[in-house]
Ligand code: GDP
(Lines of atoms letter the chains of each structure in order from A and count residues from 1; the text may use other names and numbers.)
(Lines give C-alpha, C1' and ligand atoms only; values in the text may rest on other atoms or scores of the structure.)
Protein backbone atom coordinates (compact mmCIF):
# COMPACT_ATOMS: atom_id res chain seq x y z
CA UNK A 1 0.00 0.00 0.00
CA UNK A 2 2.56 2.54 1.19
CA UNK A 3 4.80 2.01 -1.79
CA UNK A 4 2.07 2.50 -4.34
CA UNK A 5 2.41 5.65 -6.38
CA UNK A 6 -0.68 7.84 -6.07
CA UNK A 7 -2.08 10.60 -8.25
CA UNK A 8 -4.80 13.23 -7.90
CA UNK A 9 -5.75 16.67 -9.13
CA UNK A 10 -4.58 19.05 -6.41
CA UNK A 11 -6.53 22.06 -7.64
CA UNK A 12 -10.31 22.38 -7.59
CA UNK A 13 -12.04 20.96 -10.68
CA UNK A 14 -13.69 23.34 -13.10
CA UNK A 15 -12.63 26.15 -15.40
CA UNK A 16 -9.37 27.77 -14.37
CA UNK A 17 -6.23 29.14 -15.94
CA UNK A 18 -4.01 26.50 -14.38
CA UNK A 19 -4.58 23.09 -12.84
CA UNK A 20 -2.10 20.96 -10.90
CA UNK A 21 -1.98 17.17 -10.90
CA UNK A 22 0.15 15.73 -8.14
CA UNK A 23 1.93 12.38 -8.14
CA UNK A 24 3.66 10.89 -5.10
CA UNK A 25 5.46 7.62 -4.51
CA UNK A 26 8.50 5.60 -5.53
CA UNK A 27 7.50 5.55 -9.22
CA UNK A 28 6.44 9.20 -9.48
CA UNK A 29 9.49 10.32 -11.49
CA UNK A 30 9.41 7.24 -13.66
CA UNK A 31 5.70 7.46 -14.52
CA UNK A 32 5.90 11.18 -15.26
CA UNK A 33 8.95 10.62 -17.48
CA UNK A 34 7.04 8.11 -19.58
CA UNK A 35 4.34 10.62 -20.41
CA UNK A 36 6.50 13.71 -20.83
CA UNK A 37 8.55 15.02 -23.71
CA UNK A 38 10.76 17.95 -22.77
CA UNK A 39 14.29 19.24 -22.59
CA UNK A 40 14.98 16.92 -19.69
CA UNK A 41 13.17 13.95 -18.21
CA UNK A 42 11.92 14.15 -14.59
CA UNK A 43 13.87 10.95 -13.96
CA UNK A 44 17.14 12.78 -14.69
CA UNK A 45 16.20 16.03 -13.01
CA UNK A 46 17.48 17.30 -9.70
CA UNK A 47 15.09 18.15 -6.86
CA UNK A 48 13.21 21.44 -6.84
CA UNK A 49 13.49 21.93 -10.59
CA UNK A 50 10.83 22.93 -13.06
CA UNK A 51 10.78 21.29 -16.48
CA UNK A 52 9.02 22.56 -19.59
CA UNK A 53 7.54 20.29 -22.24
CA UNK A 54 4.56 18.39 -23.59
CA UNK A 55 2.46 15.92 -21.67
CA UNK A 56 1.20 12.89 -23.56
CA UNK A 57 -2.15 11.11 -23.37
CA UNK A 58 -2.42 7.36 -22.83
CA UNK A 59 -2.10 6.82 -26.59
CA UNK A 60 1.04 9.01 -26.67
CA UNK A 61 -0.70 11.85 -28.52
CA UNK A 62 0.20 15.34 -27.19
CA UNK A 63 -2.25 16.60 -24.53
CA UNK A 64 -0.99 19.96 -23.35
CA UNK A 65 2.07 22.09 -22.82
CA UNK A 66 2.97 21.76 -19.16
CA UNK A 67 5.43 22.63 -16.43
CA UNK A 68 6.57 19.78 -14.23
CA UNK A 69 7.94 20.47 -10.74
CA UNK A 70 10.20 17.78 -9.36
CA UNK A 71 10.67 17.16 -5.64
CA UNK A 72 12.88 14.29 -4.64
CA UNK A 73 12.43 12.31 -1.41
CA UNK A 74 12.67 13.22 1.39
CA UNK A 75 12.46 16.91 0.44
CA UNK A 76 8.83 16.98 -0.60
CA UNK A 77 5.39 17.48 0.95
CA UNK A 78 4.87 13.74 1.46
CA UNK A 79 8.50 12.86 2.07
CA UNK A 80 8.38 10.67 -1.08
CA UNK A 81 9.32 11.50 -4.67
CA UNK A 82 6.71 14.00 -5.83
CA UNK A 83 5.94 15.41 -9.27
CA UNK A 84 3.48 18.23 -9.84
CA UNK A 85 2.22 18.78 -13.36
CA UNK A 86 0.87 22.27 -14.03
CA UNK A 87 -1.34 22.32 -17.11
CA UNK A 88 -4.21 24.40 -18.41
CA UNK A 89 -7.31 24.06 -16.26
CA UNK A 90 -10.81 23.05 -17.21
CA UNK A 91 -12.81 19.87 -17.30
CA UNK A 92 -10.69 18.01 -19.87
CA UNK A 93 -6.92 18.45 -19.66
CA UNK A 94 -6.24 17.69 -15.95
CA UNK A 95 -8.58 14.71 -16.07
CA UNK A 96 -6.79 13.38 -19.16
CA UNK A 97 -3.38 13.86 -17.49
CA UNK A 98 -4.65 11.96 -14.46
CA UNK A 99 -6.03 9.17 -16.65
CA UNK A 100 -2.77 8.96 -18.55
CA UNK A 101 -0.80 8.53 -15.32
CA UNK A 102 -3.25 5.93 -13.98
CA UNK A 103 -2.89 4.05 -17.23
CA UNK A 104 0.89 4.20 -16.74
CA UNK A 105 0.55 2.57 -13.32
CA UNK A 106 -0.36 5.19 -10.66
CA UNK A 107 -3.37 4.73 -8.38
CA UNK A 108 -5.96 7.50 -7.82
CA UNK A 109 -5.36 8.88 -4.32
CA UNK A 110 -7.90 8.66 -1.53
CA UNK A 111 -9.02 11.89 0.19
CA UNK A 112 -6.21 13.23 2.35
CA UNK A 113 -3.76 10.54 1.25
CA UNK A 114 -0.92 12.95 0.41
CA UNK A 115 -1.13 14.57 3.84
CA UNK A 116 -1.51 11.15 5.48
CA UNK A 117 1.75 10.09 3.86
CA UNK A 118 3.40 13.32 5.05
CA UNK A 119 2.24 12.39 8.56
CA UNK A 120 3.35 8.76 8.33
CA UNK A 121 6.73 9.82 6.96
CA UNK A 122 7.22 12.19 9.90
CA UNK A 123 7.09 15.40 7.85
CA UNK A 124 4.29 16.75 10.06
CA UNK A 125 2.53 15.63 13.24
CA UNK A 126 -1.18 14.97 13.57
CA UNK A 127 -1.92 18.48 14.87
CA UNK A 128 -0.26 19.94 11.79
CA UNK A 129 -2.12 17.56 9.51
CA UNK A 130 -5.40 18.71 11.02
CA UNK A 131 -4.24 22.29 10.52
CA UNK A 132 -3.82 21.61 6.80
CA UNK A 133 -7.49 20.64 6.61
CA UNK A 134 -8.47 23.71 8.63
CA UNK A 135 -6.38 25.99 6.41
CA UNK A 136 -7.99 24.69 3.24
CA UNK A 137 -11.46 25.01 4.76
CA UNK A 138 -10.93 28.43 6.32
CA UNK A 139 -13.41 31.07 5.20
CA UNK A 140 -11.95 34.15 6.81
CA UNK A 141 -8.64 35.84 7.20
CA UNK A 142 -8.54 35.11 10.92
CA UNK A 143 -9.36 31.44 10.41
CA UNK A 144 -6.56 31.13 7.88
CA UNK A 145 -4.13 32.83 10.25
CA UNK A 146 -5.06 30.52 13.14
CA UNK A 147 -4.70 27.45 10.94
CA UNK A 148 -1.41 28.68 9.56
CA UNK A 149 -0.13 29.15 13.08
CA UNK A 150 -1.05 25.54 13.94
CA UNK A 151 0.50 24.31 10.70
CA UNK A 152 3.69 26.16 11.57
CA UNK A 153 3.81 24.11 14.76
CA UNK A 154 2.43 26.58 17.33
CA UNK A 155 0.08 23.95 18.73
CA UNK A 156 2.76 21.27 18.67
CA UNK A 157 5.12 23.60 20.56
CA UNK A 158 2.48 24.17 23.24
CA UNK A 159 2.15 20.40 23.53
CA UNK A 160 5.92 19.93 23.83
CA UNK A 161 6.17 22.57 26.56
CA UNK A 162 3.28 21.11 28.51
CA UNK A 163 4.74 17.64 28.19
CA UNK A 164 8.04 18.86 29.60
CA UNK A 165 6.20 20.17 32.68
CA UNK A 166 4.26 16.94 33.07
CA UNK A 167 7.42 14.85 32.85
CA UNK A 168 9.04 16.96 35.57
CA UNK A 169 6.03 16.61 37.80
CA UNK A 170 5.80 12.90 37.19
CA UNK A 171 9.50 12.46 37.99
CA UNK A 172 9.01 14.17 41.33
CA UNK A 173 6.02 12.01 42.19
CA UNK A 174 7.82 8.86 41.16
CA UNK A 175 10.86 9.77 43.22
CA UNK A 176 8.59 9.79 46.25
CA UNK A 177 7.22 6.38 45.38
CA UNK A 178 10.76 5.04 45.24
CA UNK A 179 12.06 6.83 48.34
CA UNK A 180 9.00 7.28 50.54
CA UNK A 181 10.75 8.30 53.76
CA UNK A 182 12.97 11.00 52.41
CA UNK A 183 10.51 13.82 52.73
CA UNK A 184 8.06 15.39 55.12
CA UNK A 185 4.87 14.09 53.51
CA UNK A 186 1.97 16.39 54.35
CA UNK A 187 3.94 19.51 53.55
CA UNK A 188 5.36 17.95 50.46
CA UNK A 189 1.95 16.89 49.12
CA UNK A 190 0.71 20.47 49.28
CA UNK A 191 3.73 21.66 47.31
CA UNK A 192 3.14 19.06 44.61
CA UNK A 193 -0.58 19.84 44.52
CA UNK A 194 0.29 23.49 43.90
CA UNK A 195 2.54 22.42 41.06
CA UNK A 196 -0.36 20.46 39.51
CA UNK A 197 -2.56 23.54 39.70
CA UNK A 198 0.21 25.62 38.16
CA UNK A 199 0.51 23.28 35.20
CA UNK A 200 -3.28 23.07 34.81
CA UNK A 201 -3.77 26.86 34.85
CA UNK A 202 -2.72 27.67 31.28
CA UNK A 203 -4.50 24.57 29.97
CA UNK A 204 -7.69 25.75 31.64
CA UNK A 205 -7.31 29.20 30.09
CA UNK A 206 -6.66 27.64 26.71
CA UNK A 207 -9.79 25.45 26.88
CA UNK A 208 -11.88 28.37 28.10
CA UNK A 209 -10.76 30.52 25.16
CA UNK A 210 -11.58 27.88 22.55
CA UNK A 211 -15.31 28.52 21.98
CA UNK A 212 -14.69 32.19 21.18
CA UNK A 213 -11.70 31.28 19.08
CA UNK A 214 -13.77 28.73 17.18
CA UNK A 215 -16.42 31.37 16.53
CA UNK A 216 -13.77 33.70 15.14
CA UNK A 217 -12.57 30.95 12.84
CA UNK A 218 -15.79 29.31 11.80
CA UNK A 219 -18.10 32.26 12.08
CA UNK A 220 -21.23 32.81 14.08
CA UNK A 221 -24.65 31.46 13.08
CA UNK A 222 -27.39 34.02 13.35
CA UNK A 223 -31.07 33.08 12.99
CA UNK A 224 -33.88 35.51 12.23
CA UNK A 225 -36.89 34.70 14.37
CA UNK A 226 -40.28 36.37 14.41
CA UNK A 227 -43.84 35.90 13.31
CA UNK A 228 -44.57 36.01 9.56
CA UNK A 229 -44.48 39.33 7.74
CA UNK A 230 -42.57 41.37 10.31
CA UNK A 231 -39.76 41.89 7.79
CA UNK A 232 -37.22 39.13 8.47
CA UNK A 233 -36.48 38.51 4.78
CA UNK A 234 -36.30 42.24 4.11
CA UNK A 235 -33.80 42.69 6.95
CA UNK A 236 -31.65 39.82 5.70
CA UNK A 237 -31.63 41.37 2.23
CA UNK A 238 -30.77 44.77 3.68
CA UNK A 239 -27.79 43.34 5.60
CA UNK A 240 -26.55 41.25 2.69
CA UNK A 241 -27.00 44.12 0.28
CA UNK A 242 -28.98 42.33 -2.40
CA UNK A 243 -32.27 40.51 -2.83
CA UNK A 244 -31.34 37.13 -1.41
CA UNK A 245 -34.62 36.18 0.19
CA UNK A 246 -38.06 36.51 -1.36
CA UNK A 247 -39.97 39.36 0.20
CA UNK A 248 -43.74 39.15 0.04
CA UNK A 249 -46.66 40.76 1.74
CA UNK A 250 -48.32 37.33 1.95
CA UNK A 251 -47.55 35.94 5.42
CA UNK A 252 -45.91 32.52 5.49
CA UNK A 253 -44.01 32.88 2.18
CA UNK A 254 -40.59 31.92 3.53
CA UNK A 255 -40.67 28.19 4.03
CA UNK A 256 -37.28 27.05 3.02
CA UNK A 257 -34.22 28.21 4.87
CA UNK A 258 -32.23 31.00 3.25
CA UNK A 259 -28.58 31.35 4.28
CA UNK A 260 -26.18 34.10 3.38
CA UNK A 261 -22.96 35.34 4.96
CA UNK A 262 -21.70 38.78 5.78
CA UNK A 263 -18.31 39.51 7.32
CA UNK A 264 -18.05 41.84 10.28
CA UNK A 265 -14.54 42.69 11.52
CA UNK A 266 -13.26 39.61 9.69
CA UNK A 267 -15.68 37.24 11.40
CA UNK A 268 -18.18 35.41 9.24
CA UNK A 269 -21.76 35.99 10.25
CA UNK A 270 -24.02 33.33 8.73
CA UNK A 271 -27.46 34.81 8.53
CA UNK A 272 -30.27 32.32 8.36
CA UNK A 273 -33.85 33.23 7.56
CA UNK A 274 -36.50 30.58 7.95
CA UNK A 275 -40.27 30.35 8.17
CA UNK A 276 -42.06 32.79 10.46
CA UNK A 277 -43.27 31.56 13.80
CA UNK A 278 -47.02 31.07 13.91
CA UNK A 279 -49.58 28.29 14.13
CA UNK A 280 -48.95 26.54 10.76
CA UNK A 281 -51.91 26.41 8.39
CA UNK A 282 -50.84 23.53 6.22
CA UNK A 283 -48.21 20.84 5.89
CA UNK A 284 -45.56 22.76 3.91
CA UNK A 285 -45.68 25.58 6.43
CA UNK A 286 -45.37 23.07 9.26
CA UNK A 287 -42.24 21.63 7.62
CA UNK A 288 -40.95 25.18 7.25
CA UNK A 289 -41.45 25.74 10.94
CA UNK A 290 -39.49 22.58 11.75
CA UNK A 291 -36.61 24.06 9.76
CA UNK A 292 -36.89 27.29 11.70
CA UNK A 293 -36.65 25.35 14.93
CA UNK A 294 -33.62 23.55 13.57
CA UNK A 295 -31.97 26.78 12.42
CA UNK A 296 -32.52 28.38 15.82
CA UNK A 297 -31.20 25.32 17.61
CA UNK A 298 -27.93 25.60 15.68
CA UNK A 299 -27.66 29.37 16.02
CA UNK A 300 -25.19 31.15 18.31
CA UNK A 301 -27.32 34.27 18.23
CA UNK A 302 -30.92 35.10 17.33
CA UNK A 303 -32.36 38.28 15.88
CA UNK A 304 -35.87 38.62 17.21
CA UNK A 305 -37.77 40.70 14.68
CA UNK A 306 -40.85 42.51 15.93
CA UNK A 307 -43.21 44.76 14.02
CA UNK A 308 -42.92 48.19 15.59
CA UNK A 309 -46.24 49.24 14.09
CA UNK A 310 -48.09 46.16 15.20
CA UNK A 311 -46.65 44.36 18.25
CA UNK A 312 -48.65 41.29 19.18
CA UNK A 313 -47.66 40.06 22.54
CA UNK A 314 -48.80 36.46 22.32
CA UNK A 315 -47.28 35.70 18.91
CA UNK A 316 -44.06 37.59 19.65
CA UNK A 317 -43.78 35.66 22.88
CA UNK A 318 -44.00 32.36 20.93
CA UNK A 319 -41.05 33.52 18.83
CA UNK A 320 -39.10 34.43 21.94
CA UNK A 321 -39.88 31.04 23.44
CA UNK A 322 -38.33 29.35 20.43
CA UNK A 323 -35.12 31.30 20.95
CA UNK A 324 -34.79 29.78 24.40
CA UNK A 325 -31.80 31.09 26.30
CA UNK A 326 -29.70 32.07 23.29
CA UNK A 327 -28.25 35.58 23.11
CA UNK A 328 -30.66 37.80 21.26
CA UNK A 329 -30.71 41.11 19.43
CA UNK A 330 -34.18 42.64 19.14
CA UNK A 331 -34.99 44.47 15.91
CA UNK A 332 -38.11 46.64 16.03
CA UNK A 333 -38.79 46.75 12.32
CA UNK A 334 -41.21 48.91 10.31
CA UNK A 335 -40.33 51.87 12.48
CA UNK A 336 -41.30 54.05 9.50
CA UNK A 337 -44.96 53.14 9.88
CA UNK A 338 -44.94 54.42 13.42
CA UNK A 339 -43.17 57.48 12.19
CA UNK A 340 -45.84 58.05 9.51
CA UNK A 341 -48.87 57.59 11.71
CA UNK A 342 -47.22 59.28 14.67
CA UNK A 343 -48.66 56.62 16.94
CA UNK A 344 -45.49 55.39 18.57
CA UNK A 345 -46.23 53.08 21.43
CA UNK A 346 -43.87 54.77 23.81
CA UNK A 347 -43.59 58.34 22.67
CA UNK A 348 -42.42 60.10 19.56
CA UNK A 349 -38.66 59.64 20.16
CA UNK A 350 -38.56 56.68 17.88
CA UNK A 351 -40.51 58.46 15.22
CA UNK A 352 -37.85 61.09 14.70
CA UNK A 353 -34.81 58.84 15.05
CA UNK A 354 -36.01 55.40 14.03
CA UNK A 355 -32.71 53.88 13.00
CA UNK A 356 -30.61 54.59 16.03
CA UNK A 357 -33.07 54.94 18.85
CA UNK A 358 -32.82 52.71 21.86
CA UNK A 359 -36.25 51.55 22.79
CA UNK A 360 -37.54 49.33 25.51
CA UNK A 361 -38.70 45.80 24.78
CA UNK A 362 -42.37 45.29 25.43
CA UNK A 363 -42.18 44.77 29.17
CA UNK A 364 -44.37 41.68 28.83
CA UNK A 365 -41.73 39.97 26.68
CA UNK A 366 -39.23 40.09 29.49
CA UNK A 367 -36.05 39.25 27.61
CA UNK A 368 -33.55 38.78 30.42
CA UNK A 369 -30.93 41.53 30.38
CA UNK A 370 -28.09 39.00 30.30
CA UNK A 371 -29.53 37.47 27.17
CA UNK A 372 -30.30 40.73 25.39
CA UNK A 373 -27.23 41.87 23.46
CA UNK A 374 -28.86 44.77 21.68
CA UNK A 375 -32.10 46.43 20.78
CA UNK A 376 -32.60 48.60 17.71
CA UNK A 377 -35.24 50.17 15.51
CA UNK A 378 -35.05 49.37 11.79
CA UNK A 379 -36.72 50.20 8.51
CA UNK A 380 -35.76 47.23 6.36
CA UNK A 381 -37.19 48.71 3.19
CA UNK A 382 -35.31 52.00 3.45
CA UNK A 383 -31.75 52.42 2.22
CA UNK A 384 -29.51 52.36 5.30
CA UNK A 385 -32.48 51.41 7.47
CA UNK A 386 -30.77 48.29 8.81
CA UNK A 387 -27.46 49.93 9.77
CA UNK A 388 -28.39 50.01 13.46
CA UNK A 389 -28.91 46.26 13.28
CA UNK A 390 -25.56 45.77 11.55
CA UNK A 391 -23.85 47.73 14.33
CA UNK A 392 -25.69 45.76 17.01
CA UNK A 393 -24.56 42.55 15.31
CA UNK A 394 -21.00 43.79 15.15
CA UNK A 395 -21.01 44.56 18.86
CA UNK A 396 -22.60 41.19 19.66
CA UNK A 397 -20.01 39.37 17.60
CA UNK A 398 -17.29 41.13 19.53
CA UNK A 399 -18.78 39.77 22.72
CA UNK A 400 -19.30 36.27 21.39
CA UNK A 401 -15.99 35.84 19.65
CA UNK A 402 -13.62 37.90 21.71
CA UNK A 403 -12.09 40.97 20.15
CA UNK A 404 -8.37 40.51 20.18
CA UNK A 405 -7.28 40.50 16.55
CA UNK A 406 -3.76 39.47 15.63
CA UNK A 407 -3.25 37.09 18.52
CA UNK A 408 -5.11 34.07 17.26
CA UNK A 409 -4.87 30.79 19.11
CA UNK A 410 -3.62 28.05 16.84
CA UNK A 411 -6.59 26.19 15.34
CA UNK A 412 -7.61 23.43 17.70
CA UNK A 413 -9.88 20.69 16.39
CA UNK A 414 -12.75 19.27 18.43
CA UNK A 415 -10.71 16.09 18.85
CA UNK A 416 -7.85 18.10 20.32
CA UNK A 417 -10.21 20.10 22.49
CA UNK A 418 -11.67 16.99 24.08
CA UNK A 419 -8.14 15.71 24.73
CA UNK A 420 -7.28 19.00 26.42
CA UNK A 421 -10.35 18.64 28.64
CA UNK A 422 -9.20 15.13 29.50
CA UNK A 423 -5.78 16.45 30.48
CA UNK A 424 -7.44 19.01 32.73
CA UNK A 425 -9.54 16.34 34.42
CA UNK A 426 -6.47 14.22 35.08
CA UNK A 427 -4.52 17.16 36.47
CA UNK A 428 -7.43 18.18 38.69
CA UNK A 429 -7.77 14.62 39.91
CA UNK A 430 -4.04 14.44 40.66
CA UNK A 431 -4.27 17.71 42.57
CA UNK A 432 -7.25 16.50 44.61
CA UNK A 433 -5.49 13.22 45.41
CA UNK A 434 -2.41 15.07 46.60
CA UNK A 435 -4.47 17.39 48.80
CA UNK A 436 -6.20 14.32 50.26
CA UNK A 437 -2.86 12.61 50.94
CA UNK A 438 -3.70 9.75 48.60
CA UNK A 439 -0.88 7.35 47.69
CA UNK A 440 1.66 8.69 45.21
CA UNK A 441 1.02 5.73 42.90
CA UNK A 442 -2.48 7.00 42.23
CA UNK A 443 -1.19 10.44 41.41
CA UNK A 444 1.37 8.96 39.06
CA UNK A 445 -1.41 7.12 37.20
CA UNK A 446 -3.34 10.37 36.68
CA UNK A 447 -0.29 12.21 35.43
CA UNK A 448 0.61 9.37 33.09
CA UNK A 449 -2.92 9.48 31.68
CA UNK A 450 -2.60 13.24 31.18
CA UNK A 451 0.61 12.66 29.22
CA UNK A 452 -1.08 10.01 27.08
CA UNK A 453 -3.91 12.39 26.17
CA UNK A 454 -1.40 15.13 25.46
CA UNK A 455 0.59 12.89 23.13
CA UNK A 456 -2.56 12.02 21.22
CA UNK A 457 -2.96 15.67 20.25
CA UNK A 458 0.09 15.39 18.04
CA UNK A 459 -0.60 11.77 17.11
CA UNK A 460 1.43 9.73 19.63
CA UNK A 461 -0.31 6.42 20.29
CA UNK A 462 -3.36 7.37 18.30
CA UNK A 463 -5.40 4.44 17.05
CA UNK A 464 -5.00 3.77 13.31
CA UNK A 465 -8.76 3.99 12.81
CA UNK A 466 -8.80 7.46 14.34
CA UNK A 467 -5.98 8.55 12.05
CA UNK A 468 -7.87 7.12 9.08
CA UNK A 469 -11.03 8.94 10.11
CA UNK A 470 -9.18 12.26 10.38
CA UNK A 471 -7.71 11.99 6.89
CA UNK A 472 -10.94 10.76 5.33
CA UNK A 473 -12.42 14.20 6.06
CA UNK A 474 -9.90 15.83 3.74
CA UNK A 475 -10.62 16.59 0.12
CA UNK A 476 -9.05 14.57 -2.67
CA UNK A 477 -5.66 15.83 -3.78
CA UNK A 478 -4.72 17.11 -0.30
P1 GDP B 1 -41.01 38.16 6.73
O2 GDP B 1 -42.19 37.29 6.45
O3 GDP B 1 -40.87 38.40 8.20
O4 GDP B 1 -39.75 37.66 6.11
O5 GDP B 1 -41.32 39.58 6.11
P6 GDP B 1 -40.93 40.20 4.69
O7 GDP B 1 -39.52 40.64 4.71
O8 GDP B 1 -41.34 39.24 3.63
O9 GDP B 1 -41.81 41.52 4.66
C10 GDP B 1 -43.20 41.47 4.72
C11 GDP B 1 -43.77 42.76 4.15
O12 GDP B 1 -43.41 43.85 4.98
C13 GDP B 1 -43.24 43.09 2.77
O14 GDP B 1 -44.28 43.61 2.01
C15 GDP B 1 -42.18 44.13 3.03
O16 GDP B 1 -41.98 45.02 1.94
C17 GDP B 1 -42.75 44.86 4.22
N18 GDP B 1 -41.71 45.47 5.08
C19 GDP B 1 -40.61 44.87 5.58
N20 GDP B 1 -39.90 45.72 6.35
C21 GDP B 1 -40.57 46.90 6.33
C22 GDP B 1 -40.33 48.17 6.93
O23 GDP B 1 -39.35 48.41 7.66
N24 GDP B 1 -41.25 49.15 6.70
C25 GDP B 1 -42.33 48.92 5.93
N26 GDP B 1 -43.16 49.92 5.74
N27 GDP B 1 -42.59 47.75 5.33
C28 GDP B 1 -41.72 46.73 5.53
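Including glycine, each Cβ sits where the backbone N, Cα and C put it.
A quick note: this is a predicted structure, and the numbers were derived from the prediction, not measured.
Here TrEMBL flags 22, 84, 123, 478 as (6S)-5-formyl-5,6,7,8-tetrahydrofolate binding site. Taken from TrEMBL, the feature K(+) binding site applies to 229, 248, 250, 253. As annotated by TrEMBL, GTP binding site applies to 229-234, 248-254, 333-336. Residues annotated as Mg(2+) binding site in TrEMBL: 233, 254. For 5-123, the entry in TrEMBL reads domain 'GTP-binding protein TrmE N-terminal'. Per TrEMBL, the feature domain 'MnmE helical' maps to 126-475. The domain 'G' annotation in TrEMBL covers 221-334.
Summary for the binding-site residues 22, 123, 232, 478: the Cβ-based neighbour count within 10 Å is maximal at 232. Residue counts for the domain 'GTP-binding protein TrmE N-terminal' (5-123) under DSSP, helix first, then strand, then coil, are 30 helix, 41 strand, 48 coil. Within 10 Å of the C-beta of residue 229 (K(+) binding site) we count 22 further C-beta atoms, all protein chains included.
Around the Cβ of residue 84 ((6S)-5-formyl-5,6,7,8-tetrahydrofolate binding site), a 10 Å sphere holds 21 further Cβ atoms from the protein chains shown. Here the binding-site residues are 233, 335; the one with the fewest Cβ atoms within 10 Å of its Cβ is 233. Ligand 1 lies under 6 Å from the Cβ of 233, out of the binding-site residues 22, 233, 478. It is 51 Å from the Cα atom of residue 335 (GTP binding site) to that of residue 478 ((6S)-5-formyl-5,6,7,8-tetrahydrofolate binding site). With residue 84 ((6S)-5-formyl-5,6,7,8-tetrahydrofolate binding site) as the anchor, the candidate binding-site residues are 229, 232, 233, and the one with the nearest CA is 233. Secondary structure of the domain 'G' (221-334) per DSSP (helix as H, G, I; strand as E, B; remaining residues coil): 36 helix, 32 strand, 46 coil.
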